[in-house]
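Undergrad: Below is a structure I'd like to ask you about.
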Amino acid sequence: MIAELGLAALWLAAALAALQLYAGAMAQRGHAGGLAVLVRPAAIVQGLACAFAFAMLLWLFAITDLSVKLVATNSHSAKPLLYKLTGAWGNHEGSMLLWVAVMALSGALIALVERRLPERTMLATLAAQAFVGLGFYAFLIFSSNPFERLVQPAAEGLGLNPLLQDIGLALHPPTLYFGYVGLSVAFSFAVGALLTRQVTPEFARVMRPWVLGAWVFLTLGITAGSYWAYYELGWGGWWFWDPVENASLMPWLAATALLHSASVLAARDALRAWTIMLGVVAFSMSMLGTFLVRSGILTSVHAFAVDPQRGTFILVLLALYIGGALVLFALRAASIAEGERFSATSREGALVFNNVMLTAILGIVLLGTLYPLLTEAFDVRVSVGPPYFNPAGAFFAVPMLLVMAVGPLLRWRRDSLGRIQRPIVLCGVIVLATTVAALAIGEMSILALLGLALSAGLAVASLLPLRGRRLRRVPLAVWGMVVAHFGLAVAVFGMASETAFSQERLAAVTVGETVRVGPWQVTLTEVLPNAGPNWTAIEGHLAASYAGGAPVELDPQSRSFWAPVQQTTESALATRWNGQLYAVVGSEAREEGAEARWQLRLWWKPFVTFIWYGGVLVALGGAIALVGRVGADLRRRTVRRRAAERRAEGTA
Amino acid sequence: MRWWWIPLLLFALFLGVAAYQLTQPKDEFVPSAMIGEPLPAFDLRPALEGMPGLSSEDLRDGKPRLLNIWASWCVPCIAEAPQLERLRDEGAEIVGVAIRDRPEDVAAFLSRYGNPYTRIGADDLSEVQLVIGSSGVPETFVIDGEGRIAYQHIGDIRAEHVPRLLAELRKAGE
């Protein structure tokens with residue numbers, strides 16, 4: 001009964017989306033009649049219906065209803081309740097339903113609160129939103145029905161992918177989805193604005209909070225995903241340039257560019273076509289990512305359940321949405337003129353430069369991700385990895401970091417470098433000093449050296465906009481920028497430091513033996529088998545002491561799950577303020593007559609945690625800016641209302 | 001032509017390649033890292049009274065065998081039981097490793113679903129399972145007469161897998 005209720009709600013939501021699209025489209029052509037008033041209510045009820053459908057799915061997972069196919073294939077009665085619930089979206093169908101539900105709820109929110117845009121643009125936006133939604137409803141109902149029943153209820157569920165039985169990963173997909181979906185809203189705004197040719201600063205101000213929100217979630221999602229990959233996959237790396245990772249990085253790059261170009265449009269009425277273009281591209285990248293990981297078209301270490309039929313469905317949706325939006329853009333771009341002019345040395349100039357760099361990095365990542373797909377069409381299997389991405393990305397990232405340090409100090413429209421000579425010299429000195437210091441410490445790759453030097457320069461430069469101001473008077477939006485830029489410097493420092501100073505030891509040790517890595521001494525005290533509710537493992541017990549200090553106990557495991565069959569490595573981490581010790585225990589190597597030796601892999605990674613502290617700071621900066629923007633909007637609205645009330649009193 | 005047509009052209013190119021790739025069949029076969037490796041030394045007590053246990057020495061007498069990892073608590077093992085019987089009837093010798101099991105449960109399982117095994121060892125701590133690279137039950141290995149792993153089948157054996165297992169067993173004996 002619950003499953004049927006959910007499915008019915010899904011159909012209702014789909015029907016409302018159709019109504020929303022039809023009424024919104026008719027309103028564009030000027031003969032909607034009474035229909036136009038239906039658009040907003042349709043969007044609101046659609047959001048509620050879809051959220052209800054998702055709530056029903058959660059309920060089914062909570063009670064482990066094994067007559068529902070999705071529950072039977074992805075859950076198990078023995079699982080803890082938390083993972084039963086997260087199992088609802090830890091699979092293809094459930095995650096698509098979550099996606100649509102979040103998108104429908106955002107549509108409802110726009111319909112409820114957004115009153116600043118011209119009514120026609122608003123209706124066009126909601127129609128575009130409904131158009132995107134309809135495709136996903138069709139996908140769910142016809143190809144990936146989460147509420148499908150089994151003819152015969154299963155005796156027991158098949159379990160959840162053990163890699164996903166982890167709190168980090170349970171929260172990682174929804175976080176990314178909020179990001180993706182926020183970008184779908186930006187996409188709908190861009191299409192709406194193209195349809196009505198209303199690309200104005202006001203439009204940018206309306207779109208900006210959505211982009212900001214999406215960007216905060218994407219940043220958090222990527223940061224969490226990277227940390228999860230780092231400690232769970234057991235290979236000691238934090239970024240693999242895997243297609244699944246790129247799938248979330250590409251929309252983030254596009255959204256970062258969009259965020260900055262929307263700021264130029266909002267403040268200076270320039271970059272109109274470019275902002276719209278980025279709005280289309282940002283959402284296209286999240287769709288493309290979904291397509292790449294769901295269709296099985298690319299082989300990935302993350303290896304999702306793959307299905308060419310679903311791949312085809314998403315490809316058709318891609319063609320409709322992105323193709324349609326790009327055609328519309330090509331037809332209309334000429335008629336939305338570029339707006340105000342500015343000189344190269346100005347705040348706009350710096351933002352444009354970094355926009356171009358971000359877009360270039362996006363192009364590099366996109367090319368590297370799609371290249372294997374292209375060559376496979378000619379029967380050549382290649383894999384593109386760090387040797388391509390790192391230098392190619394850095395080629396554009398380095399000038400971007402340099403301009404990023406200076407940009408926020410420049411004035412809008414026209415400025416001269418002479419005016420900000422002193423901060424430039426200061427940053428240059430810091431960069432040089434760091435370079436010399438790093439060279440004195442030891443040999444390292446040129447990329448690591450550049451990263452260290454630039455991060456130091458950027459960290460100082462990012463604080464300079466606060467100089468000489470009363471801190472309590474600085475607007476939240478500026479605080480947000482400062483925190484985010486500083487966070488990026490912290491993250492870059494972590495990356496560079498990990499690359500430059502990491503030490504690795506791989507050893508086959510007997511129980512009682514001690515291994516040194518960096519300042520650490522690690523002793524294997526014992527190896528024991530261990531078993532959990534649905535896995536067995538061998539567990540190494542290590543005593544690790546930093547520079548002769550008191551030992552910490554570490555228990556890395558090599559786990560085997562049987563429902564479904566999978567092997568995972570549970571690394572063990574010892575975190576200090578200046579870095580992490582990373583330990584992995586591997587298989588046993590036993591020679592005839594000799595004592596058992598265990599493979600032990602140890603890394604000492606100085607300041608590696610700064611990567612994720614930085615990521616969180618970047619997201620925090622976005623959140624501060626978002627609060628500032630929304631707060632300012634609310635204040636403006638209150639002021640306007642008070643003024644209207646006073647006028648009303650005056651005339652009375 | 002203005003620059004705003006370029007994204008559309010690139011996107012069309014991508015669509016073409018992706019559509020072509022989707023129509024190409026994918027290879028689902030994943031080779032195991034343990035293929036060709038010798039079995040590590042082990043010696044397991046019998047899992048069932050009245051039947052011999054299993055040691056790595058037993059698998060070095062020149063005769064290729066199937067090594068079946070299973071357990072009485074494993075639901076897919078019930079599903080594969082008839083296929084194991086069929087394999088035995090086709091002339092395959094099957095030895096078993098029972099994972100974390102009790103003698104009385106083993107006896108109950110075998111009397112209910114048939115006993116295709118010539119030997120069954122009891123692996124109470126999953127030690128053998130872990131060292132031969134098996135990550136779950138059921139799983140079946142082809143062991144050549146010299147005690148090397150020749151083939152690994154992950155998951156339950158269904159009717160369509162029987163010919164391949166027999167072929168791998170023949171190949172291992174050559």
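Each Cβ is built from the backbone N, Cα and C atoms, and glycine gets one as well.
Quick paste of what TrEMBL says about this protein:
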- A:6-25: transmembrane segment (TRANSMEM)
- A:37-62: transmembrane segment (TRANSMEM)
- A:89-295: domain 'Cytochrome c assembly protein' (DOMAIN)
- A:96-113: transmembrane segment (TRANSMEM)
- A:177-197: transmembrane segment (TRANSMEM)
- A:209-229: transmembrane segment (TRANSMEM)
- A:249-267: transmembrane segment (TRANSMEM)
- A:274-293: transmembrane segment (TRANSMEM)
- A:313-331: transmembrane segment (TRANSMEM)
- A:315-629: domain 'Cytochrome c-type biogenesis protein CcmF C-terminal' (DOMAIN)
- A:352-374: transmembrane segment (TRANSMEM)
- A:394-412: transmembrane segment (TRANSMEM)
- A:424-441: transmembrane segment (TRANSMEM)
- A:610-632: transmembrane segment (TRANSMEM)
Undergrad: Are there residues at least six beyond either end of the transmembrane segment (A:352-374) with Cβ under 8 Å to its Cβ atoms? List them, or say none.
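TA: For the transmembrane segment (A:352-374), the list is 241, 243, 246-247, 249-250, 253-254, 256-257, 260-261, 264, 271, 274, 278, 281, 285, 292, 297-298, 381-384, 388-389, 392-393, 396-397, 399-400, 403-404, 407.
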Undergrad: Short question: which residues 6 or more past the ends of the transmembrane segment (A:177-197) have a Cβ under 8 Å from it?
TA: 28, 95, 98-99, 102-103, 106-107, 110, 117-118, 120-129, 132, 203, 206-207, 210-211, 213-219, 221, 248, 251-252, 254-255, 258, 275-276, 279-280, 282-286, 289-290, 321, 325, 328-329, 332, 335-336
Undergrad: So which residues does the transmembrane segment (A:249-267) touch in its own chain, when a touch means Cβ under 8 Å and the partner is 6 or more beyond its ends?
TA: 179-180, 183, 186, 199, 201, 203-205, 207-208, 211-212, 214-215, 218-219, 222, 274-275, 278-279, 281-286, 288-289, 339, 348, 351-352, 354-355, 358-359, 361-362, 365-366, 369, 412
Undergrad: Would you kindly list the residues that approach the transmembrane segment (A:6-25) from elsewhere in its chain, counting only those six or more residues past its ends and only Cβ-Cβ distances under 8 Å?
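TA: Distal contacts: 32, 35-36, 38-39, 42-43, 45-46, 49-50, 52-53, 56-57, 60, 97, 100, 104, 107, 123-124, 126-131, 133-134, 137-138, 140-141, 145-147.
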Undergrad: Between the transmembrane segment (A:424-441) and the transmembrane segment (A:209-229), do 3 or more CB pairs sit under 8 angstroms, pairs being 6 or more residues apart?
TA: no
Undergrad: Cβ under 8 Å to the transmembrane segment (A:610-632), counting only same-chain residues 6 or more beyond its ends: which ones?
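TA: Counting only partners 6 or more residues beyond its ends, the transmembrane segment (A:610-632) has Cβ contacts under 8 Å with 208-209, 212-213, 215-216, 219-220, 222-223, 226-227, 238, 475-477, 479-495, 497-498.
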Undergrad: Taking every residue in the domain 'Cytochrome c-type biogenesis protein CcmF C-terminal' (A:315-629), what is their average pLDDT?
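TA: Mean pLDDT, the domain 'Cytochrome c-type biogenesis protein CcmF C-terminal' (A:315-629): 88.
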